[in-house]
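The structure appears right after this line, and notes come after that.
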Amino acid sequence: MEEDNKPLLDSVRRGSYTDKGSTDSLDRGARRPFHVEHRNIVENDPSERVSAEASVLSSRVHYYSRLTAASDRLLSPPDHVIPCPEELYVYSPLGMAFKVTGGDGGAKNPSIITIFAIWNTMMGTSILSIPWGIKQAGFTLGIILLISMGLLTLYCCLRVLKSPKSIPYIDTSDWEFPDVCKYYFGKFGQWSSLLFSMVSLIGAMVVYWVLMSNFLFNTGKFIYNYAHNVSMSDTEFGTNGSERVICPFPDTGDHKGNCSSGISGLYLNNNNYYYYGNDTSDTAVFDRWWSKTNTIPFYLIILLLPLLNFRSASFFARFTFLGTISVVYLIILVTLKAIRLGFHLEFHWLESTQFYVPEFRLLFPQLTGVLTLAFFIHNCIITLMKSNKHQENNVRDLSVAYLLVGLTYLYVGVLIFAAFPSPPLSKDCIEPNFLDNFPSSDVLVFVARTCLLFQMTTVYPLLGYLVRVQMMSQVFGKHYPSFFHVFTLNIFIVGTGVCMAKYYPNIGSIIRYSGATCGLALVFVFPSLVHMISQKRRGELSWPSAIFHSLLIVLGVANVAGQFFM
Amino acid sequence: MSSTAMKKKVLLMGKSGSGKTSMRSIIFANYIARDTRRLGATIDVEHSHVRFLGNLVLNLWDCGGQDTFMENYFTSQRDNIFRNVEVLIYVFDVESRELEKDMHYYQSCLEAILQNSPDAKVFCLVHKMDLVQEDQRDLIFKEREEDLRRLSRPLACTCFRTSIWDETLYKAWSSIVYQLIPNVQQLETNLRNFAQIIEADEVLLFERATFLVISHYQCKEQRDAHRFEKISNIIKQFKLSCSKLAASFQSMEVRNSNFAAFIDVFTSNTYVMVIMSDPSIPSAATLINIRNARKHFEKLERLDGPKHSLTMRMR
């Protein structure tokens, strides 16, 4: 019987930590069982250090974990059941225990970090199309629309953010907006919110492919021209002088890839460079193999398709800082260009002149379409704001983030539009990708293109991963059903990108169509409907609110209709 | 207990997804295999094959027609299901959005019970209460309880609010088992005498299959109000470990300088746990006392035995 009572920890007990006060509470002569209940470990304090509820919950969790397989979450404690961090203790079998200080659960960030994260996520490639959008809507109308769309989308974003809170009886702490749609609209809501989310993601991926082809082309062109000392200034229509701005499509209004010119002897090849006759010189050979629409989209397949098939995208998530650097560099670039080019603004209110566009144009829906995607963050705002330390400041922080995003877009758009050298060139020349208005020999713009190219190469697999995860888990139930499934999906996405890059590389159109479509559901219709239904269920729906939100839905539909008719 | 006694049933019913399988697993220490968490409804009855309170078998049924196949099967098997029922435990999910439907199915079960086993005891569990905000729980439970009492007439139903994440589940099932033990008050008096004779600090009586505390005696105030559930969890975990080695748990002694605890088989339906705070009393003495008490308590149970089987044969 005596051997049974020998303490298991006897020899260790007499070791080095006898001088630490923490184990003094234990009776030296007593025999201690191996499992020490986390009560009187830390001090000789008779008061309870652990509440009874936490203690019995621990016992329950222990027991329930024996009843199911380790990976089965059927009997896992939900978040609302686990005691708050102040009641959690971590103790080692050697008898020391310490309290968990403050919650780690979800890495709480101060407001400034949250605002920055939202700004960083929202800043996409639509920044390149804002000057074109302002040009399409007219300068004054463009600025008015930018501010109004910003406010509208901010309001809808606030509705999305608050939507899980108004659901009674259910723990919605890990819900995203599609889950809210599923709650209110059933399967239809779940599938349609998934579908529209996919539209925005795949639209973004197609835009990325077109832009990457563009930037890769220009980068290669710059390097080739630099190495072979070829000057392009004779063949491109643009301003003269040190700060060259070009107009890639001077006569025609269309921006399609293939364009023909009737000037005899002059052939406009796919890169829109004039050359004489059947030029078989090195330049022509290079142009044939390094073509923005014919060959480069296919070269990109070799680079990007393998990256899309990676099982996990966490490697690419490390490079998000590149996006910030690119945007900041773009802002600096725009400022420098504006300083060097000066302002060229004339206000013609309704009529268009040779060099200027009216202040109010009928093509304004194109700008609203672009802005819907530019201000789109509604499918992940709930997750982003969950890690905000002071949740009561969510509305304020989101508004500040939208303000900063709006200011950035406004700055870039207005400066490029205003600085566009209008006497030789018409404002109508502003390209959907404003970097296209600078020749490939421009060093500053070359750096911008390279930065953006690199950044997009790292974001593209992330987007592909998001698409894959959402589609596969909804359709097949798991993230990676088999290599074949994932590969087929990737082929489809890449194929769409390549086709668009070859036949219709107008990113302005792609952005506005996909923006208006996904904005219809996720920005205008669903948040308004969800808000109205939840108010109605609580009996709080008033006439002004119903009219206002119905108006929002009508605006969303009009936005989409406007893309097709204008 | 005569072997010709027909097995009486404990029906555990409720809508699909209301938490019956989890509840059974927790109370009876059944391992839930992964595929049990199925996407469809329980098509057939799930027997637990646990000897619960002597001759009771636990049956699980999903109630709340998912499709016409389910409805037809249910109606055609109705008499079969509801015959020989000793206890009906009906589980309501508190966050269910179809209250009307739930009540409708509950009422059809009650009708079937009235027809086939009119003496059955009815218990209603309002489950998943942890999903309700704390300040609203009492209110919501009171509402449901009133509705259920009203709907259950002429049968009397006892309502409990439960959640697997607090002590309410254990207490509800302990109350249920308490009401099912045939001569429980007598057991309690005898238990007190037994405890005082052997000078125990505390004596607990557990139901054998579930380790739910049926009755207890303590001679002084104990600090931990949740000790019953904790002991039950510990022993059930130990039973799970034993069953992995194809061994069965019979008895246990835990001793240190401050106390000695003995857990042993007691009667055919029960286990006993004796806690002695005087370490000078040798284990053998306490074990002899428990052995002698066992004979006495078994006689107590057998006193009710013949009467019990007589009424069954007469039915």
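Glycine residues also receive a Cβ, built from the backbone N, Cα and C atoms like all the rest.
Nobody curates TrEMBL annotations by hand; they come from automatic prediction.
Annotated features, as they stand in TrEMBL:
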- A:1-35: region 'Disordered' (REGION)
- A:112-132: transmembrane segment (TRANSMEM)
- A:114-223: domain 'Amino acid transporter transmembrane' (DOMAIN)
- A:138-158: transmembrane segment (TRANSMEM)
- A:191-211: transmembrane segment (TRANSMEM)
- A:296-312: transmembrane segment (TRANSMEM)
- A:296-562: domain 'Amino acid transporter transmembrane' (DOMAIN)
- A:319-343: transmembrane segment (TRANSMEM)
- A:363-385: transmembrane segment (TRANSMEM)
- A:397-420: transmembrane segment (TRANSMEM)
- A:443-463: transmembrane segment (TRANSMEM)
- A:483-504: transmembrane segment (TRANSMEM)
- A:510-534: transmembrane segment (TRANSMEM)
- A:546-565: transmembrane segment (TRANSMEM)
(request) Pull the DSSP breakdown for the domain 'Amino acid transporter transmembrane' (A:114-223) and write it out as helix, strand, coil residue counts. (result) 97 helix, 0 strand, 13 coil
(message) When you look at the transmembrane segment (A:138-158) alongside the transmembrane segment (A:443-463), do they share 3+ Cβ pairs under 8 Å, ignoring any pair fewer than 6 residues apart in sequence?
(response) no
(request) Report, as numbers and ranges, every residue of the chain located at least six residues beyond the transmembrane segment (A:191-211) whose Cβ falls under 8 Å of a Cβ in that stretch; write 'none' if there are none. (result) 124-125, 128, 177-178, 181-182, 185, 297, 300, 373, 376, 379, 433, 452, 456, 459-460, 463-464, 466-467, 470-471, 474, 493-494, 496-498, 500-501, 505, 507, 510-511, 513-515, 517-518, 520-522, 526
(message) Under 8 angstroms, Cβ to Cβ: which one of A:112-132, A:319-343, A:397-420, A:483-504 has the largest number of such pairs with the transmembrane segment (A:363-385)?
(response) A:112-132
(request) Please work out which recorded stretch in A:296-312, A:319-343, A:510-534 has the most C-beta pairs separated by under 8 angstroms from the transmembrane segment (A:138-158)? (result) A:510-534
(request) Using a Cβ cut-off of under 8 Å, list the residues of the same chain at least 6 residues beyond the transmembrane segment (A:483-504) that approach it. (result) 202, 205-206, 208-210, 213, 256-257, 293-294, 296-298, 300-301, 304-305, 308-309, 464, 467-468, 471-472, 476, 510
(request) Among A:112-132, A:296-312, A:319-343, A:397-420, point out the range having the most Cβ pairs under 8 angstroms from the transmembrane segment (A:510-534). (result) A:112-132
(request) Please work out which recorded stretch in A:112-132, A:296-312, A:397-420 has the most C-beta pairs separated by under 8 angstroms from the transmembrane segment (A:319-343)? (result) A:397-420
(message) If we skip the immediate neighbours and take only residues 6+ beyond the ends of the transmembrane segment (A:397-420), which ones have a Cβ under 8 Å from one of its Cβ atoms?
(response) 111, 114-115, 118-119, 122-123, 126-127, 130-131, 133-135, 139, 142-143, 146-147, 150, 153-154, 157-158, 161, 245, 327, 330-331, 334-335, 337-338, 341-345, 371, 374-375, 381, 385, 388, 427, 429-430, 434, 437
